[in-house]
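Summarising the annotation, TrEMBL assigns domain 'G-protein coupled receptors family 1 profile' to 41-290. Here TrEMBL flags 27-48, 60-81, 101-120, 140-158, 197-221, 241-261, 273-292 as transmembrane segment.
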Amino acid sequence: MDIGNSSLVTEFILVGLTKHPEIQVPVFFLFLGIYIITVAGNLGLVTLIRLTSHLHTPMYYFLFNLSCIDLCYSSVITPKLLVNFLSKRNTISYAGCMTQLFFYCFFVNAECYVLTVMAYDRYVAICKPLLYKVTMSPQVCYLMAVIVYLGAFIAAWAHTGCMLRLTFCDANTINHYMCDILPLLELSCTSTHINELVVLIIVGFDVGVPGLTVSVSYVFILSSILHISSTEGRSKAFSTCSSHIIVVSVFFGSGAFMYLHPSSVLSMNQKKVSTVFYTILVPMLNPLIYSFRNKEVKVALKRTFSRKIFF
């Protein structure tokens, strides 16, 4: 598709996260620090899982995928944001904007689906432990991963494809720090009804179905945990789920707050703050949460550091 002919606009101007020049540099260093922690944390977790044999289980297979997604997800948004803090004129080409939109939608949907699969994995592990190896075999895990990325691709192409059919005439200033769906729809000089319907359907599905799946999974998990007689067994079961519950709550909560309401309810500044949560903070928090709240990861880290010190 020749996207250059589908719009009269050849580039967009990004307003950015803040309009106050006096805080641009401090905020730049803040987000640079967040990005460094995000890259280091996710790369570290990916490397640790890859090199540690006792972490080669379905739970850590999906955690490996989650870290890869978070690493790419953050890299789609944050570097451009950092450049914009130091630039006098923050521009992005039409093609660049559509590319950023596609990969943003792809990784945010992939994260949504991976978190859902991880909830199902915990359900099987705690509620059906005798069938766990069969139900979550390597072949099944691989198939689930394929479905996750295929579903993310379809959702991303649906959003981007609908955006490509719109015409952008004179208005080219995006009141955001990235090429997000809703700010772009506000600039179109053609009807956006189909796009809004697609957003409602896909976001509704991405929040509703995974949210219901996660909720039902944890209802059964909680019921099973309460029936465990030993305190140590209950504590271990809770510890394997607590990290995932925290990540899911932050991710789905901020995403639903951003999209599932009438556009007039929130100001753009409030929308930007909400977007910061699940585009920049969540990818940083995930490896930290799973590292500090997961006993197996902490043990693997200690063994890895001990090995390096010894050699």
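Any Cβ shown, glycine's included, is placed from N, Cα and C.
Nonlocal intrachain contacts for the transmembrane segment (60-81), taken as residues 6+ away from its ends with a CB within less than 8 angstroms of a stretch CB, comprise 14, 16-17, 31, 34-35, 38-39, 42-43, 45-46, 49-50, 92, 100, 103-104, 107-108, 110-111, 114-115, 117-118, 121, 141, 144-145, 148, 177-178, 279-280, 282-284, 286-287, 290, 296. Long-range Cβ contacts of the transmembrane segment (140-158) within its own chain (Cβ-Cβ under 8 Å, at least 6 residues beyond either end) map to 58, 61-62, 65, 102-103, 105-107, 109-110, 113-114, 117, 198, 202, 206.
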